[in-house]
Structure formats: C-alpha cells, structure tokens
Amino acid sequence: MPLWGSAASAPPAAEGDAARAPSGSAGGGGGGVKVIRSLLPTRRRLRLDPTAKLYFPYEPGKQVRSAVRIKNISKSHVAFKFQTTAPKSCFMRPPGGVLAPGESIIATVFKFVEHPENNEKPLDKCKVKFKIVSLKVKGPVEYVPELFDEQKDQVAVEQILRVVFLDAEHPSPQMDKLKRQLAEAEAALEARKKPPEDNGPRIVGEGLVIDEWKERRERYLARQQIEGVDSV
C-alpha cells in the first residue's frame, strides 16, 4: 500500500496504533456504530475537475504544474486536504482549505519530473498518486491541518488522483484545459494579493476643502461686483 504524506501535516497513524487505541469510549456499542458507518457508501462533499487524473506536461529535469478544480457541493462548510505518495518531490498550493457551500477553488499541484531511463517517455507509467480528503466543519472556520487529526472518524476520502503525463510538444484537449485552469489559478492568486479597494466615502484633506471654499467665495464676490456695476 502507498504511504500517504503531506507537507502541511504529519502522515496518518499506522494501523498498529489504531488497533491499540481504545475503542468505544462512549460505550460498548461505539465500535459497532463505526463498523456500520464504514460499510455505508460515502456521500461526496466535493466535486473535482478532472475527476480522477492529474495531467502534467512531460518535461524531464523540470518542475511542472497541474491543476484541479475543487467545488463544495454539500450544504455545509467543508475542509479539504491534499496528501501524496511523493511528498519530497510534490507540493500543492494551497495544501488545504475550507470551502463554503457552492464555493470552488483551483488548486495548483507542483511536481519535479525525473529523467527517464533509456530515454523513454513514461507518459502513462508514473506511480505517484494524490489523495484528497474532506471533513465537514461548523461554519467558516480557519483552516489548520489539525482539524483532520481531531476528527479522524469524520474524515472521508473524496478521490485518489493518478498522475498522467502529457506530451508538451503536441497539443491536446487535456493540455488546453490545463493551461486554462493554470491561468485562472494564477489570476485568482494575484487578485488575493491585491489590497481590498476602499469603496467608502472619500475624505478630502482639510487644506483642500478650505482652498476650494475660498475660490468659490472669491468667484461669488466677483460676480456680485460685476452685477452691481452693470446695474449702475
């Protein structure tokens, strides 16, 4: 079985630790309830696009990028987190987050591509995988990786994504879609960096207000003098 790890959190506990943990702390039937829950089909909280694959341009010796759109399709706030079988050569931006109902985000995945043996192009032979897990949370809480450690029994595996390399020298629908998603992710990142616009009432400096009032006063007095001369 692959070992899942994440740069933002520690790897999950080993099966032996879970076996030694006390069961049914709330009563003797707690373990039975957990078993029943594990047998029931998991209802999806997130929708992914692409659904089961992460497409990377194949460029050996370089760090390449992929993208996946994550949308909360549930009626509550949902926290998500990335995990990968290759945490040393891959990282995600963001590594996790909290999405409101109906909210979506495009996450960028970075991976270093090793040089192949015998100059082959292993476009469909990569063993690296990514896993996205989710957790229902109460309201718009701040994301921290410890959320998943505190409620392990409520964490659901949304999808395991397999890495697929694309030939960077030949156009394809997958490559075109990847470029659009990466551009959208970069635009969203730049928008978050900009300071929020101040749409409140504009406050003019005191000196400018006084100067403008003086100009209006002088123009008014000048018109009064001209009208007085004309009447005479």
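Just so it is clear, glycine is given a Cβ too, placed from its N, Cα and C backbone atoms.
The following features are taken from TrEMBL:
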type     : residues : note
COMPBIAS : 1-24     : compositional bias 'Low complexity'
DOMAIN   : 45-166   : domain 'MSP'
REGION   : 1-33     : region 'Disordered'
Summary of DSSP states over the domain 'MSP' (45-166), given as helix, strand and coil counts: 11 helix, 62 strand, 49 coil
Per-region confidence, the domain 'MSP' (45-166) (mean pLDDT, whole number): 92
